[in-house]
């Protein structure tokens with residue numbers, strides 16, 4: 001199980017970096033008539049793939065981790081409630097937004113709208129993720145790696 005915890009924690013950085021790259025890439029191209037190239041599509045796609053891999057590892061951990069206890073008393077303990085409800089729900093919302101953003105952008109024909117869609121959905125998803133990560137300074141038992 002520790003291997004999965006470390007994988008989930010380490011993969012976080014690939015997820016955050018890839019989403020940030022996709023956001024910066026889209027933000028720099030929203031103005032003007034820059035074409036949406038294969039490189040732009042891959043930037044958004046790699047961020048999507050990393051988030052989905054992270055989701056799979058997270059779902060596995062959700063059911064085997066001792067930090068997730070399925071009982072009513074968990075709601076009274078902030079750290080247990082965080083992993084049982086808050087972290088998992090917020091991350092699902094963030095990943096859903098990123099997935100929706102990628103899917104909507106893929107269907108659009110206007111390149112400027114593709115960049116704006118990716119920028120909007122990925123940025124909101126990233127913000128939700130940053131709020132939902134158990135950073136070490138939050139005293140929830142998280143680590144940097």
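A Cβ is built for glycine as well, from the same backbone N, Cα and C atoms used for every other residue.
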Transmembrane segment according to TrEMBL, located in which of 25-44, 45-64: 45-64
Outside the transmembrane segment (115-137), six or more residues from its ends: residues with CB under 8 Å to it: 12, 15-16, 19-20, 22-23, 26-27, 29-30, 34, 36, 40, 44, 47, 51, 82-83, 86-87, 90-91, 93-95, 97-98, 100-102, 104-105, 108, 143-144
